Structures are given as C-alpha cells and as structure tokens.
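K.L.:
Quick one: the structure is below, and I'll ask about it shortly.
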Amino acid sequence: MKFILLLLVSITLIASAVGSAPGDTQITIETQHTALVIRVSKDGDPTIIHLGKRLQNGADYALLPDNEKRGEDYTKIYNSAYTPAGGRNLLEPALQVSHADGNPSSDLKYVRHETQHVADDVVLTTVFLKDPQYPFEVKLFYKAYQNEDVIEQWSSIRHTEKKTVRLQKYASANLYIPAQNYYLTHFHGDWAREMNPEEIPLTSGLKVLDTKLGTRTDLFQPPSFLLSLNKPAEEETGEVIAGTLAWSGNYQIQFEVDPLRNLRLIAGINPYASEYMLAPEKEFVTPAFLFTYSTAGKGQASRNLHRWARKHRIPQGEGNRLTLLNNWEATYFDFNEEKLTTLFKDGKKLGVDLFLLDDGWFANKYPRNDDHTGLGDWQENKQKLPHGLGYLVKEAERAGIKFGIWLEPEMVSPKSELYEKHPDWVIKLPNRSEYYFRNQLVLDLSNPKVQEFVYGVVDGILTKNPTLGYIKWDCNAVIYNAFSATNPNPSHLFVEYVQGLYKVMEKLRAKYPTLPLMLCSGGGGRVDYGALKYFTEFWPSDNTDGLERIFIQWNYSYFFPAIATCNHITDWGKQSIKFRTDVAMMGKMGYDIVVSKLDEKELAFSQQALQTYSRVKDIIWKGDLFRLTSPYGNDLASLMYVSEKQDKALWFSYLVGNRYRDGSRAPIKLKGLNPEKKYKIQEVNVYPGTNSPINRTQTIYSGDYLMTVGFNPSVDSRRESVVLEITEN
Ligand code: DGJ
C-alpha cells in the first residue's frame with residue numbers, strides 16, 4: 001500500500017526550472033523552518049547564497065546578495081555548492097579528479113535541476129552539473145524532510161570518457177555558512193569512554209574531523225558534531241547545526257573559515273588511501289550527510305534528528321523493542337547448556353522479553369573459550385552446546401522468553417578454520433607481520449565471496465532457527481595493513497568494505513525486515529546513520545558504570561533517539577541497583593547481571609522497574625527529549641521525555657557531584673509541557689522499604705507553573721536518582 005502510494009506520488013514528479021539560463025536560476029531547498037538556497041552565477045557556477053532560517057516570503061530570496069566580493073572577482077568561488085579542484089579554486093575542494101587524459105582539473109557548470117515529492121513530507125531536489133570540457137557529470141541530491149527539518153544530502157559522479165577517471169576526493173556535501181563566529185562541538189573517545197565533547201571556536205583555516213580506522217571507525221572520533229553560529233548555542237537558545245555523516249567507514253569532515261570569514265563545510269568519505277577508479281558509464285554514489293538547523297538551540301536540533309531517525313531511518317523506529325538479559329558479564333566465555341537454561345529461567349523471573357547469548361558459543365577445532373580463537377567458525381561448540389542453538393531457542397521459549405545470539409561475522413581469528421581455508425579472504429599485507437586488534441583480523445568484505453559467506457552465516461542460523469529473536473552484531477577490530485588480495489583496485493578497499501557490508505545488510509533486511517539487530521562495536525565504535533538504516537538499536541559503550549553512563553548517554557542523545565540507545569544494568573560501578581536502573585531507563589533497557597545474586601529487595605525492585613518501564617517506555621522511546629540540567633559543571637543531571645500529546649512525561653534526575661548532600665537545592669524548570677494543562681507528579685522506581693517525599697502530596701500543577709517556577713525532585717546524597725512520572729490530570 002505504502003509502495004503504491006509512493007509510486008503515485010513519484011509519478012506526480014514536478015520538474016522545475018529545467019534548463020533556465022544561468023544567472024537567473026535560483027534553487028530553493030526548504031523544510032518547514034530551514035532553507036538552503038543555491039544560485040547559479042552568471043558563469044554557470046552553482047553557489048550557496050543562504051543556509052539558515054526559511055524566509056516567510058519566498059520572493060525575498062532574490063534579494064540575497066551573491067557571495068560578498070572584496071575587490072577581486074575570484075572570491076565568488078568560495079561558496080560553490082560542490083567545489084572542483086585544479087582550476088581557479090584554491091581552497092579545499094569537494095571534488096578532485098584526474099580525467100582519462102590525465103588532466104588534473106575539473107569545472108562544474110549548472111545544467112538543470114528537478115524537484116520530486118518522494119513521500120508526503122519529503123522533497124528531493126537534484127541539481128545536474130557538468131564539466132564543459134569533458135563528458136563528466138555530477139548530481140547533487142538534497143532530500144528535505146519537511147516536518148523534521150532535516151536535510152539529507154549526497155552526490156553522484158558519472159562520466160563517459162574513453163578510459164577510467166581517477167577520483168581522488170568525492171565529498172557528499174559542500175555547504176557554505178556565513179556567520180560572525182563559529183563554535184564547533186566535536187566528540188572524542190576510546191574504548192569504554194566514548195563521546196567526550198569539546199567545544200572550540202573555529203579560527204581561520206581548516207579544522208578536520210576524521211578517521212582512518214577502516215572499521216570500528218568511531219573509536220576515537222565519531223562523524224557527528226554541533227556547530228553553533230555567532231555564539232555558543234545553549235539547550236533552548238541559539239543558532240546551531242547538528243550534522244552527521246551516514247557512513248560506517250573512513251570519513252572526513254572539514255570546517256574551513258575562509259578569507260571572507262565565512263565557513264565552508266565539506267563532508268564525505270575520507271580521501272585517505274581511497275582513490276577510486278571510476279570506469280566509463282559507472283556511477284559512484286557518495287554516502288549521505290545529514291543535518292538539521294535550529295534557531296532554538298541544541299535541544300530542538302536533537303529533537304529534529306530524533307524524530308527524523310524514528311520516522312525515516314531506523315527500522316521499526318516507531319515500533320517496539322525487547323528488554324533483554326545478556327550473559328556477557330554474567331558468564332563471559334564460561335557457560336554450558338545447563339547454566340544457560342538456568343539463566344533463561346532467571347530472565348523470566350526478572351521479567352525481560354529475551355535472553356541474549358553473547359560471545360563464546362561457537363567453533364570446534366579452535367574453540368572460542370577466550371578472545372584468541374574461533375572467529376569465523378560459526379558452528380555451535382559441541383562441548384558447550386551439544387544440542388545446538390535450536391535446543392536453546394526451544395528451552396528459552398519453554399521458560400517463556402525469546403532467545404537471541406551474538407555474532408561478529410566480519411571478523412576472523414588467526415586460529416580458526418576459516419583463516420586456514422581462506423587466507424586470501426583476510427585483510428593483511430603479504431610482506432608485513434600481522435597486527436591484531438583484540439587478537440583478531442578483519443575479513444575482506446570488498447570481496448563478493450566474503451559478502452556471500454557473511455550473509456550465509458547469518459541467513460543459515462536464521463533459517464535453521466526461525467524463531468531466533470535477536471542478533472547482536474559486534475565488530476571489535478580496526479583495519480591494520482589495509483590490503484585486499486582479491487580486489488583488482490587495492491585503493492578501493494576502504495570504500496568497498498563498507499559498500500560490501502551494506503550489501504549484506506540490505507540482503508538480510510530484505511529477507512528479515514523485522515528482526516531486531518543491535519549494532520555493537522566493542523562498545524560504541526560504530527554508531528552512525530549509515531549502519532542505523534539496518535540496525536534497530538546500538539550499543540553505546542561497554543562502560544555501564546551508572547555515573548559514567550549519564551555522560552555517555554547524554555552526549556549520544558544529541559544525535560540518536562532513546563529507542564535506539566541500548567542501556568544495560570550491569571555490575572560496573574559502585575552505585576546502587578536503583579541508580580543503575582534509573583540511568584538505563586533513559587533508553588532501551590536491558591540487563592547483564594547474575595540475577596540469582598540479587599537480594600530479595602534488589603530483585604523485587606528490578607521486577608517492579610521492568611513493569612513500570614513497560615508502562616512508560618513509549619514516552620521515553622517516542623517522546624520529545626528535553627535536557628534540563630547538564631551533568632557538566634552541575635551537581636545534578638536532569639532530563640525529561642514528553643509525549644507528543646503533552647499528556648505524559650518521564651523526568652529523570654541524578655546526582656553527579658559528590659560533595660556532601662549536594663543535589664537539587666532549587667526547583668528545576670520543566671520543559672515541553674502544555675502550559676494550559678494540569679499535571680500530577682508521581683515518583684516511580686521507589687526502592688522497597690523507602691518512602692518518596694514527593695508521593696506524600698497529591699498536588700496538581702499547571703504546565704505553566706512547572707515550566708515557570710519549576711519543581712524540586714529532591715535529589716541529594718540520600719536520594720541519588722529520582723524518576724518522576726508526570727501525567728495530565
Ligand atoms: C564487545 C562488546 O562490546 C561486548 O558487549 C561483548 O559482546 C564482547 N565484545 C564479546 O566479545
């Protein structure tokens with residue numbers, strides 16, 4: 001039905017301004033509140049003359065000046081919508097190629113553009129560009145999601161030259177942003193300390209975010225950023241762009257404050273070791289760069305991205321998720337059928353939907369009893385699991401919960417039958433020592449045979465076990481010694497690895513459209529909207545210490561919605577189980593603990609928390625997020641989710657400072673409620689044997705009061721975390 005509707009909509013394709021003369025062509029890409037305006041210069045160059053707030057009167061865009069000229073005419077090239085290299089442009093290019101005849105320059109002139117309604121609220125604008133001297137074309141695509149105020153932008157390159165063209169740089173996006181000042185918040189990290197923000201003013205010249213790790217590419221620096229214009233944006237005020245590249249491989253995002261003090265932004269695949277030989281008549285399509293522009297601070301930017309991701313990107317983004325009990329930290333590699341069957345019962349007693357069997361269940365010649373062996377040999381280990389996965393699926397179902405498994409299909413252990421059989425499937429250099437990351441190597445997914453193998457592993461398991469309910473897909477190594485023994489173009493490896501991965505995922509999703517899939521990479525080493533087209537959720541970090549997690553989740557929340565953020569309660573950290581549970585509840589909740597070690601109160605609390613979660617999860621998963629008090633520089637972190645109808649909200653507050661009895665001394669002003677509505681406030685997740693001071697009264701408050709005066713959640717060193725349910729009265 002959806003397909004037929006789409007078809008009908010696309011048939012009503014609107015072609016606009018096709019073939020207008022250069023100099024008077026203006027292309028307006030608009031969402032509800034944002035506009036990106038491209039003007040074709042008199043010379044036929046596509047230039048960006050506006051990126052920001054949408055003007056009320058469309059005719060006013062004609063008043064926008066061309067890029068400010070100071071003296072010399074050459075300045076106009078700074079604001080190209082796709083800057084070619086080698087000619088008159090002397091700043092960072094978006095495109096750098098060497099033509100079939102060896103000419104290292106290119107020029108891109110506007111040919112035409114067209115606009116298509118691809119869905120109810122989604123408009124795709126395509127701008128066609130061509131080199132006047134060569135049969136070489138570039139298309140720029142801008143998909144404008146009206147309601148969510150998100151623009152998805154990518155490009156494609158094609159030619160009909162006599163021989164291959166060498167693509168040296170082929171960006172997804174080239175934007176131009178004039179402002180007085182620019183403040184960039186980017187993130188850095190490593191294993192178990194993902195997503196640490198740093199805000200810096202951008203100065204003249206280049207600032208580059210990038211990765212060259214091949215896989216697990218976000219380990220040190222994810223491709224997501226916040227860019228404040230004029231002055232640093234706050235949660236609810238200020239002009240800010242939240243941007244991210246939808247690509248799970250090497251990326252490069254460049255911010256260049258140009259000689260006019262305007263900002264040029266170029267984002268795409270990292271050109272590092274990635275020259276692409278483009279054959280005639282083949283099309284190279286770049287990954288998408290996504291951004292949202294907000295005049296109401298970082299909060300609005302996040303809410304835009306969350307809504308977009310739920311509606312347009314993440315599978316079942318507006319659907320359901322399963323709570324689960326994972327055995328990784330409970331058993332590590334040490335388990336057998338008997339132990340697992342007991343854990344199924346524990347999971348059921350706790351009240352989760354699914355049991356997730358982690359690493360260690362496979363390989364026989366080189367059994368996976370630690371992380372040195374077995375990756376690639378995806379057969380059940382006969383000693384640990386003599387009756388196979390099928391038996392476990394049934395036993396779990398008999399215990400009343402679903403069953404899922406961990407896989408790391410892109411990897412191979414040097415000690416594995418797979419490595420012995422197919423050494424040419426492994427990424428390595430013939431004349432260099434092998435370097436291992438977590439004692440393993442990466443399979444060459446640029447090889448179609450490897451793609452088939454990886455697909456076959458997953459499909460085989462799912463075909464044999466059709467009720468298997470969940471897969472955690474891990475990826476624990478980066479690419480060292482990048483070289484493919486089978487790829488005719490070794491410099492295609494980094495790009496074709498990711499394309500190969502996406503091909504596998506595409507095929508899996510076509511056959512298993514609703515299977516819940518967790519995107520994991522030794523924690524949060526791979527969290528991007530390229531992969532999240534296929535995965536229902538992601539694992540932000542192996543660090544599940546309650547306090548640490550507040551910071552980690554806080555920072556992911558700028559870009560990714562709660563429904564996709566897997567938060568597990570584990571034994572990491574010194575905080576109480578209540579604190580860890582309250583923190584995990586901010587997203588998609590799960591457990592990785594030994595349930596039988598919980599004392600009576602801890603178990604009762606956890607069972608009750610899961611029941612509460614099942615009642616309120618839709619507010620968290622599908623509501624709007626408002627960050628109230630940042631854990632940075634405050635004793636308290638506080639945030640809330642508000643339902644779309646503004647009739648329900650969930651409010652989480654945590655003590656993050658450690659001074660004696662510090663906490664919420666003053667009321668905190670709530671956000672996102674309806675000022676006209678009346679609300680009651682009830683504390684949930686109250687620990688057995690304790691009383692909530694908040695639940696003593698049944699006061700009714702107006703939304704106006706709660707947002708103007710606020711409310712004190714009474715967090716202090718005796719009440720380190722407080723979860724309040726706000727309901728319309
Ligand atoms: C790394 C993941 O982040 C962990 O959760 C766990 O699945 C291990 N790998 C298993 O090897």
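Placement of Cβ uses the backbone N, Cα and C atoms for every residue, glycine included.
What TrEMBL records for this protein is below:
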type: SIGNAL; residues: 1-17; note: signal peptide
type: DOMAIN; residues: 44-278; note: domain 'Glycosyl hydrolase family 36 N-terminal'
type: BINDING; residues: TRP191, ASP358, ASP359, ARG438, LYS472, TRP473, ASP474, CYS475, ASN476, CYS520, ASP542; note: substrate binding site
type: ACT_SITE; residues: ASP474; note: active site, nucleophile
type: ACT_SITE; residues: ASP542; note: active site, proton donor
type: DOMAIN; residues: 637-723; note: domain 'Glycosyl hydrolase family 36 C-terminal'
K.L.:
Counting only residues 6+ away in sequence within the same chain, which have a CB under 8 Å from the CB of ASN476 (substrate binding site)?
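P.N.:
ARG216, ASP371, GLU408, MET411, PHE437, ARG438, GLN440, SER521, GLY522, GLY525 - these are the non-local Cβ neighbours of ASN476 (substrate binding site), listed in sequence order.
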K.L.:
With H, G and I counted as helix, E and B as strand and the rest as coil, say where DSSP puts LYS472 (substrate binding site).
P.N.:
strand
K.L.:
Can you tell me which of TRP191, ASP359, ASP474, ASP542, our binding-site residues, come within under 6 Å of ligand 1 at the Cβ?
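P.N.:
Near the molecule: ASP359, ASP474, ASP542.
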K.L.:
Helix, strand or coil for ASP542 (substrate binding site)? Use DSSP.
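P.N.:
Its secondary structure by DSSP: coil.
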K.L.:
Applying a 10 Å Cβ distance cut-off over all chains shown, what neighbour count does ASP474 (substrate binding site) have?
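P.N.:
Neighbour count, Cβ to Cβ under the 10 Å cut-off: 24.
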K.L.:
Compare all C-alpha positions of TRP191, ASP358, ASP359, ARG438, LYS472, TRP473, ASP474, CYS475, ASN476, CYS520, ASP542, the record's substrate binders, and send over the largest distance in angstrom.
P.N.:
18
K.L.:
Can you work out the mean pLDDT of the predicted model over the domain 'Glycosyl hydrolase family 36 N-terminal' (44-278)?
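P.N.:
On average, pLDDT over the domain 'Glycosyl hydrolase family 36 N-terminal' (44-278) sits at 95.
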K.L.:
By DSSP assignment, list the helix, strand and coil residue numbers for the domain 'Glycosyl hydrolase family 36 C-terminal' (637-723), in that order.
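P.N.:
The counts are 9 helix, 31 strand, 47 coil.
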K.L.:
Is it possible to get the count of other C-beta atoms within 10 angstroms of the C-beta of TRP191 (substrate binding site)?
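P.N.:
Excluding its own Cβ, the number within 10 Å is 17.
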K.L.:
Taking the Cβ of ASP359 (substrate binding site) as the centre, count every other Cβ atom within 10 Å, in any protein chain shown.
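P.N.:
Result for ASP359 (substrate binding site): 22 other Cβ atoms within 10 Å.
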K.L.:
Counting only residues 6+ apart in the same chain, whose Cβ is under 8 Å from the Cβ of LYS472 (substrate binding site)?
P.N.:
ASN326, LEU356, ASP358, GLY404, ILE405, TRP406, LEU407, LEU517, MET518, CYS520, TRP539
